[in-house]
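Undergrad: Pasting the relevant annotations from TrEMBL:
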- 272-343: domain 'PAS' (DOMAIN)
- 345-397: domain 'PAC' (DOMAIN)
- 528-598: domain 'PAS' (DOMAIN)
- 601-653: domain 'PAC' (DOMAIN)
- 657-879: domain 'Histidine kinase' (DOMAIN)
Amino acid sequence: MKNSINDVNLPKKKSAEEISRAKSIVNILKEPVVVVDEDGSIIQANSEFYSTFQLQRKEGFEVGLRDIPFFQELNEVLENKQLRKQGIIDLKISLELPNEVKKNFLVNAGLLDPQGNSSDSILISFNEVNVKPIGKRNEKNDLQEIYEIFSQAPAIISVLRGPNHVFELANENYLQLIGNRSIIGKPVREALPEVENQGFFEILDNVYNSGETYTGSEVAIKLYVGKQELKNSFVDFVYQPILNDLNEVSGIFVHAVDVTEKVTARKKLEDSENELRKLIDTVPAIIWITRPDGQNHYLNKNWFEYSGQTESESADFGWLKAVHPDDEKRVRETFMKANINKEDFTISFRLRNWEGTYRWVLDSGSPNYSADGEYEGMVGTVVDVHEEKVKEQLIKEKEHRIRSVIEEADVATALYTGREMKIEIANDAMIELWGKDHSVVGKTLREALPELEGQPFHGLLQGVYETGETYWGKEDPADLLIDNKLQTGFFNFTYKALRDERGEIYGILNMAMDVTETVKSRELLKESESRFKQLADLMPEKVANTDAHGNFIYFNQGWLDYTGFTGEELIGKGWTNFIHPNEKEEYLKSWRNSLDSGKDFEMEFRYLNKKNRYKWHLSRAEAIKDESGNIQMWICTATEIQKIKLEEKRKEDFLKMVSHELKTPITSIKGYVQLLLSLLKKEKEEEISGKPYEMYLERVDHQINRLTRLISEMLDLSRIEKNKLDLQKETFNLNNLIIETVQDINYTNTGHNIHITEDYNCNVYGDKDRIGQVLINLVTNAVKYSPFNPEIEVKINKVRDNKVSVSVTDFGIGIRKENQKKIFKRFYRVDGNNEETYSGFGIGLYLANEIIQRHSGSLKVKSEMDEGSVFTFTLYEALEV
Ligand code: ADP
């Protein structure tokens with residue numbers, strides 16, 4: 001049955017223009033298209049419209065859509081003014097056509113004149129679709145239809161038929177994938193033999209047999225694209241079974257998408273990430289990445305291996321806990337500052353390793369920006385620099401030590417580095433020695449001291465630098481420009497090579513001492529020495545010269561003449577070997593004493609002459625000292641006193657003889673005088689009264705006493721010389737002895753007042769007569785040498801260490817300092833004293849001293865010229881009273 005279009009409504013009058021526009025649009029479109037006015041009347045429709053909907057075209061007037069029953073649904077939509085205005089897009093409608101054919105259409109409609117000025121005519125197009133819902137496909141559906149739908153799709157599509165999967169269909173993309181081979185009608189195994197063993201055929205078999213859809217994702221497949229060229233591709237694919245009417249699988253719909261690019265891109269990314277990570281982990285450094293707020297984002301494997309921290313321990317700022325507490329603040333601040341300012345930083349600090357040991361590390365970081373320039377935080381490395389740091393510290397310390405040693409050294413010291421001898425350090429003493437200022441430091445020696453050019457020093461330095469052998473300069477002359485004047489100085493100095501830890505020479509240490517003064521004064525000394533020698537040779541005396549230690553270095557002509565040897569021979573043979581053995585020991589002792597004390601030496605001894613005879617000499621030596629009192633040398637003189645000695649001997653022998661000869665008669669005279677005196681005292685007769693017998697006799701007695709004393713002194717003298725002075729020791733009261741002796745003297749010396757002060761009373765153990773003799777000597781001397789002052793004091797005092805002292809004080813003529821030692825020598829008498837007034841032999845004090853010394857005591861004098869003298873002897877107290 002055909003729908004007839006009745007003239008129910010007359011068409012509204014349309015403009016001819018509108019109709020012709022509708023007509024031309026409608027006629028160029030291939031799908032069924034109709035233009036209807038606002039009432040639904042058909043203005044124009046193309047032939048496809050009429051044929052599809054099996055309508056008959058009626059010329060002259062148009063029917064409305066509402067008149068056609070199967071457009072009912074569409075009409076209702078179009079009556080909605082709003083929808084009509086908006087237009088209809090892809091409205092899906094099913095139409096039951098007159099021959100009971102049900103067709104599905106996608107309807108699109110839009111106003112012919114969207115502005116709607118002239119009309120509300122609408123253009124409606126119908127697209128027939130026939131899509132089954134996704135799921136198992138029914139063979140009933142036209143494959144051609146499916147193919148058409150998908151042919152232009154970006155997907156890869158094919159249809160396989162039967163259990164052998166014979167290609168029935170394959171779209172452009174599919175053909176491209178397999179290199180445009182002709183496959184239609186071929187089973188897959190034949191069409192794509194290279195796919196065998198890649199698993200696909202098995203899956204196809206499985207889908208075919210089970211009817212289950214198979215979905216694969218990013219599956220690799222190798223296919224020939226050229227003749228021999230196998231290409232790797234990745235595909236996402238669906239194998240969907242196609243069912244026939246009996247619901248049996250008759251084929252497989254293959255739908256795939258080539259994802260090779262995506263997969264390879266991702267794989268590449270993954271690979272490169274893996275590579276990077278591997279790289280980062282194998283770099284022998286700790287690598288870290290932080291977030292913009294400074295928090296830890298990433299630490300490589302090395303960090304965890306080094307620090308022993310866990311991921312959670314080092315999270316945020318946990319890594320700071322491994323930093324040495326003393327460095328932590330500095331590290332945190334440096335890092336945060338760099339992070340805030342987005343700038344590079346480098347810092348070294350101590351970092352605790354997993355063992356708990358702190359090691360020096362160097363941490364450097366840089367800001368990290370994303371591709372679009374956004375700050376992402378810092379990235380950096382931490383490298384173990386412990387050895388270097390420790391070495392560096394050691395070197396620093398060593399350098400510091402060297403520097404401070406050099407700078408504080410009294411000795412002029414400088415350090416030169418490199419072959420060019422750059423002055424690295426020069427202390428004040430060295431700069432002063434050079435006559436320069438501190439600006440020389442940092443220059444080379446050539447620049448700093450150009451005046452050294454042509455002098456041996458540069459060559460010496462280079463030599464030391466090359467060989468490493470120290471050079472010792474001894475009084476080497478150097479010309480230095482000081483105060484704009486080239487001055488020659490003499491220097492003791494060393495050039496010592498300095499080596500680094502590898503043992504390589506890197507510099508030279510120069511220490512120098514200005515010995516110009518010494519050299520010059522020695523030259524002067526040499527000059528004066530030679531003058532002295534000339535002079536000494538002219539002297540008839542024997543003159544010799546030793547160094548400060550007493551080694552003879554010179555003998556004058558007098559010595560050479562006397563001994564018959566040359567100076568060298570005398571030095572070689574040992575000068576002392578010519579001294580008489582009797583005096584040699586004492587000589588050595590006394591000479592050593594002088595050498596040690598610097599005191600003058602004086603001694604009499606015999607010396608062997610060239611005729612092998614010993615001759616007496618008075619030998620003197622005097623030290624020559626420098627300004628600061630150091631002994632420079634000794635000048636020794638020897639005067640032959642052989643004749644004097646002989647005379648002395650004769651005098652001695654004579655005295656010995658005289659005293660012996662005199663003593664006996666005097667003793668007997670004294671006896672008789674005393675006898676006579678006592679007779680006289682008993683018988684006081686008139687006949688002798690008025691005659692001065694007694695007085696004369698007393699004077700005789702007095703003179704005899706003097707003579708007796710003199711004689712016994714002389715005897716004592718020779719006894720002492722023969723070492724035969726015997727002492728008769730006993731314990732006696734010293735006070736009593738003094739009182740008695742003074743009384744005796746008072747007896748005969750009425751002109752003086754001898755006053756005794758006894759501050760102490762004691763006994764001594766000794767020869768009473770000899771001690772008395774000493775006392776007599778001192779008191780009679782006091783009387784004798786104080787003719788104008790009659791006061792004499794004798795004092796007994798306690799001295800420490802169980803000693804007692806007896807002093808005799810007079811207020812007489814006194815003794816000059818230089819004579820105070822000499823008066824204790826035998827026969828010494830102070831010259832100039834009136835020989836008449838002060839008669840004597842000069843042996844009294846000698847004896848007194850000998851006697852006191854033999855009692856382990858001492859005799860001393862204190863005296864001032866014209867004021868008087870005090871002679872004091874000290875003795876040990878007797879232990880038992
Ligand atoms: P002498 O017999 O000449 O007195 P001494 O040995 O007793 O001999 O004395 C030596 C010298 O010491 C004397 O010649 C004298 O010059 C000096 N002398 C001794 N005692 C005194 C004194 N108390 N005052 C001054 N000079 C003295």
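Placed from the backbone N, Cα and C atoms, the Cβ positions cover glycine too.
Automatic, uncurated: that is what TrEMBL annotation is.
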Undergrad: Limited to the domain 'PAS' (528-598), I'd like the whole-number average of pLDDT.
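TA: Over the domain 'PAS' (528-598), the predicted model scores a mean pLDDT of 86.
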Undergrad: Could you put numbers on the helix, strand and coil content of the domain 'PAC' (345-397), residue by residue per DSSP?
TA: 12 helix, 30 strand, 11 coil
Undergrad: Using DSSP, how many residues of the domain 'PAS' (272-343) fall into helix, strand and coil, respectively?
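TA: For that range the per-state counts are 44 helix, 11 strand, 17 coil.
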Undergrad: As a quick check of your reading of DSSP, tell me how many residues in the domain 'PAC' (601-653) are helical, how many are strand and how many are coil.
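TA: Breakdown, helix to coil: 12 helix, 30 strand, 11 coil.
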